[in-house]
Amino acid sequence: MAALLLPWVLLVLLGSLLPGQGLQANPMLASEPSRRHPAPLPGGEAGGITAAPPPATAQEMHPLNKQAANHSGEGHQKHRKAFPVLDIDYDRIRIPFEISLWILLACLMKLGFHVIPSVSNIVPESCLLIVVGLLVGGLIKGVGEKPPILRSEIFFLFLLPPIILDAGYFLPLRQFTENLGTILIFAVVGTLWNAFFLGGLMYAVCQIGGSGLNHIGLLANLLFGSIISAVDPVAVLAVFEEIHINELLHILVFGESLLNDAVTVVLYHLFEEFANFEQVTIIDIILGFLSFFVVSLGGVFVGVIYGLVAAFTSRFTSHIRVIEPLFVFLYSYMAYLSAELFHLSGIMALIASGVVMRPYVEANISHKSHTTIKYFLKMWSSVSETLIFIFLGVSTVAGQHYWNWTFVISTLLFCLIARVLGVLVLTWFINKFRIVKLTPKDQFIIAYGGLRGAIAFSLCYLLDYEHFDMRDMFLTAIITVIFFTVFVQGMTIRPLVDLLAVKKKQETKRSINEEIHTQFLDHLLTGIEDICGHYGHHHWKDKLNRFNKKYVKKCLIAGERSKEPQLIAFYHKMEMKQAIELVESGGLGKIPSAVSTVSIQNINPKNVPVERVIPVLSKDKEEEIRKILRNNLQKTRQRLRSYNRHTLVADPYEEAWNQMLLRRQKARQMERSKPTYLTVPAHKLDSPTMSRARIGSDPLAYEPKPDSENLPIITIDPASPQSPESVDLSNEVPKGCGGLPPSPEEDEEGLVMRVKEPSSPGTDDVFTPGTSDSPSSQRMLRCLSDPGPRPEPEEGEPFIPKGQ
């Protein structure tokens with residue numbers, strides 16, 4: 001920790017050694033509250049910017065006149081220095097030096113927290129950063145200096161944009177669009193409910209709270225409710241990325257924190273303007289309601305315009321790859337500033353510009369530029385987030401506070417009640433239309449994850465003392481709510497997620513198989529919606545994709561990449577990502593076959609000698625080959641037959657199959673219906689394989705005897721691989737049938753097995769009905785080894801027969 005606090009010890013010592021050059025003079029970190037029209041500060045500074053001296057005349061600027069002035073003023077010579085060159089000029093480098101110290105402190109704090117995993121696993125990083133800010137502010141105040149306070153203009157213009165741009169540029173677009181309706185309901189209806197519910201209850205508390213609160217009117221309480229009701233995206237990102245919650249809950253809470261900016265901006269400026277009116281009419285309320293659509297849709301429109309311009313500009317940067325990342329940052333920041341210029345939603349403009357430009361920019365820029373954009377945005381947003389939480393702690397020490405127990409405790413209690421009631425009621429309504437319902441566990445995490453942060457603090461700091469003399473009490477209540485949500489809810493949400501067994505985020509890479517099935521399901525659901533006549537979001541998504549592929553890609557993407565199928569583009573993206581990971585891990589020598597050498601050459605270009613000459617095809621020939629492949633590979637549906645039940649050819653064997661199945665079914669039914677008795681078990685029939693083996697081993701034993709015409713015959717087909725049903729039991733005729741009594745020779749000879757006669761050519765052994773297939777021959781006889789049931793004993797006959 002000594003190394004972490006070293007920059008601030010140096011800063012404090014410099015401030016104490018140089019009187020009049022303390023921290024409060026920093027234009028970036030002003031101790032005076034910001035106003036819409038800042039008054040001139042002492043020392044000729046207005047709004048933290050030093051006033052410029054009057055311009056010098058031409059005579060004063062001429063070198064001869066300057067030399068004459070030096071000669072005339074010999075009596076007022078400058079003090080001779082001990083060393084002609086060395087001097088201490090802290091005032092010249094004060095601003096960049098102090099800014100660098102703050103950034104250095106932020107980086108050292110993040111490094112220290114992740115070096116000690118036992119601390120970061122228990123306490124969230126945002127809580128630790130606020131504690132560091134409290135310690136630094138107390139240290140600066142302890143040496144007699146006034147701690148700096150971050151101005152709201154610096155927060156909104158320099159620290160907030162990189163965090164929102166990073167979130168919007170890498171926004172999971174599929175999850176966001178699939179849950180857009182739920183997010184909008186939470187962001188718009190939920191924020192309006194929180195603002196009016198909290199403002200109305202706080203107005204009632206002020207009316208019955210005592211003499212210190214009676215002067216706070218309804219508009220002031222509604223303004224306070226609109227400031228404190230919005231969920232903060234910075235705090236949500238800081239906490240939810242550490243607990244690795246599943247994608248659904250993360251996008252619901254984070255999407256709400258992004259989109260409720262439009263509602264917060266409209267309500268803030270609306271109630272601030274109404275506070276200056278003597279009377280608010282119905283027309284003012286209607287215009288205020290319409291201004292919500294103007295602010296939100298206007299911010300989105302500005303962002304879309306700048307995103308399309310950035311994508312179009314990136315089409316021509318193939319020869320100057322160095323400046324490609326700069327266009328992404330500049331156009332996004334210009335979109336934010338243009339929206340703030342007209343009091344539109346800057347956050348909505350940043351999100352829209354990032355979402356619109358990303359697919360086209362990534363198709364045009366190089367892979368090195370893509371890596372630069374990714375890591376620079378992550379670094380910039382991480383530093384900004386760290387500085388915001390540190391300055392929350394410093395501002396708590398440096399700011400002016402007015403503590404009122406009734407107002408502060410009521411604010412905290414009503415914030416929690418409004419959030420819980422809003423989530424429960426809105427989720428009950430949303431679940432009526434959702435396929436994947438939000439469970440009670442999901443509702444608890446959504447309600448518990450409504451964190452407040454620096455946006456509420458900065459908005460409250462923008463209030464003017466002339467119209468809102470209770471600003472200090474508002475600031476104290478807002479800081480209390482921020483500390484409670486960040487410390488209490490932020491520290492306990494991780495164990496609660498583990499206790500409730502809430503589904504975590506699965507860190508798995510998306511595969512080609514998943515992409516194929518995702519596109520297949522999208523096309524399938526689009527077709528189902530077209531058949532049903534229901535134009536859902538799949539239908540409109542397909543329309544948008546067709547329009548994008550047919551018109552927009554041709555204008556914004558250079559080269560052949562505009563005609564590349566989505567699946568092939570995804571494969572190239574995965575291929576390049578895998579190649580980059582192999583190069584970074586040092587495993588370039590063990591490249592799998594899935595990674596092509598072309599991708600590796602793009603990363604590490606080498607002059608590989610050409611082994612064989614590849615013939616160069618002309619453009620017409622190449623286009624002809626592409627056309628052939630496209631018609632024969634991508635449009636295989638045209639070559640398939642369209643089947644119809646009216647045009648199907650009848651199967652000639654279908655009737656024979658049905659007859660055979662019916663015969664087998666009747667035989668099994670007759671076998672089940674016959675009574676069975678515990679008698680001598682019948683000889684088990686051999687399988688066709690065993691029968692063929694026996695006949696092959698001793699064919700003479702199975703030849704027909706000359707005097708065996710009237711004996712029962714068991715026909716066996718040696719060449720038939722069928723099941724045991726091939727043994728024709730219907731030819732097993734008992735002796736004495738046919739009108740002739742059994743002879744003694746027949747009793748001695750027993751059964752004779754005859755080989756089945758071969759069928760005539762052109763007939764089918766299975767489906768051709770034989771003589772044994774007649775209804776009279778279909779009866780199944782008992783096994784010869786079963787003598788059948790004994791006759792029932794008559795009355796008077798003894799149970800045990802005589803002679804036994």
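The backbone N, Cα and C atoms fix where each Cβ goes, and this holds for glycine too.
The annotation coiled coil is assigned in TrEMBL to 619-646. Confidence over the coiled coil (619-646), given as mean pLDDT on the 0 to 100 scale, stands at 61.
Sequence annotations record features per position, and here TrEMBL assigns domain 'Sodium/hydrogen exchanger regulatory region' to 595-681.
Feature annotation from TrEMBL assigns signal peptide to 1-25.
If you look up TrEMBL, you'll see 99-116 (among others) marked as transmembrane segment.
According to TrEMBL, the transmembrane segment annotation covers 123-142 (among others).
Under the heading transmembrane segment, TrEMBL lists 154-171 (among others).
What TrEMBL lists as transmembrane segment is 183-204 (among others).
The annotation transmembrane segment is assigned in TrEMBL to 216-239 (among others).
Annotated transmembrane segment per TrEMBL: 251-271 (among others), in sequence order.
Under the heading transmembrane segment, TrEMBL lists 283-308 (among others).
Annotated transmembrane segment per TrEMBL: 342-361 (among others), in sequence order.
Beyond the transmembrane segment (382-403), the same-chain residues lying 6 or more positions past its ends with a Cβ under 8 Å from any Cβ of the stretch are 31, 102-103, 105-107, 109-110, 126, 129-138, 140-141, 146-150, 155, 158-160, 162-163, 234, 237-238, 453-454, 457, 470, 472-473, 475-476, 479, 482. Marked as transmembrane segment by TrEMBL: 382-403 (among others).
Listed as Cβ neighbours of the transmembrane segment (409-431) (distance under 8 Å, sequence separation of 6 or more from its ends, same chain) are residues 181-182, 185-186, 189-190, 193-194, 197-198, 201-202, 205, 209, 228-229, 437-438, 442-443, 446-447, 450, 452, 477, 480-481, 484. Positions annotated as transmembrane segment by TrEMBL: 409-431 (among others).
Positions annotated as transmembrane segment by TrEMBL: 443-462 (among others). Counting residues 6+ beyond its ends, the transmembrane segment (443-462) has Cβ neighbours under 8 Å at 33-34, 36, 149-152, 155-156, 160, 186, 224, 227-228, 230-236, 239-240, 245, 249, 252-253, 264, 268, 388-389, 391-392, 395, 415, 419-420, 423-424, 427, 471, 474-475, 478-479, 481-482, 485-486, 489-490, 493, 496-497, 500, 502 in the same chain.
The transmembrane segment feature in TrEMBL is assigned to 474-497 (among others).
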Outside the transmembrane segment (342-361), six or more residues from its ends: residues with CB under 8 Å to it:
156, 160-161, 164-165, 167-171, 173, 233, 258-259, 261-262, 265, 269, 294-296, 298-304, 306-308, 310-311, 314, 327-328, 331-332, 335-336, 552-553, 556-557
Ranking 154-171, 183-204, 216-239, 283-308 by Cβ pairs under 8 Å to the transmembrane segment (474-497), which is first?
216-239
Could you name the stretch, out of 123-142, 154-171, 183-204, 251-271, 283-308, with the greatest number of CB pairs under 8 A to the transmembrane segment (216-239)?
183-204
For the transmembrane segment (251-271), find every same-chain residue at least 6 residues outside the stretch whose CB is under 8 Å from a CB in it, and list them.
164, 167-168, 172, 175-176, 179-180, 182-184, 186-188, 190-192, 195, 219, 222-223, 226-227, 229-233, 236-237, 240, 288, 291-292, 295-296, 299, 343-348, 351, 445-446, 449-450, 455, 459
For the transmembrane segment (154-171), could you work out the same-chain residues 6 or more beyond its ends whose Cβ comes under 8 Å from its Cβ atoms?
28-29, 233-234, 237, 254, 258, 328-329, 332-333, 336-337, 340, 346-347, 350-355, 358, 373-374, 377-378, 380-381, 384-385, 387-388, 454-455, 458
Can you work out which residues elsewhere in the same chain, 6+ from the ends of the transmembrane segment (123-142), have a Cβ less than 8 Å from its Cβ atoms?
5, 8, 12, 15, 23, 105, 109-110, 113, 148, 235, 238-239, 242, 386, 389-398, 483, 486-487, 490-491, 494
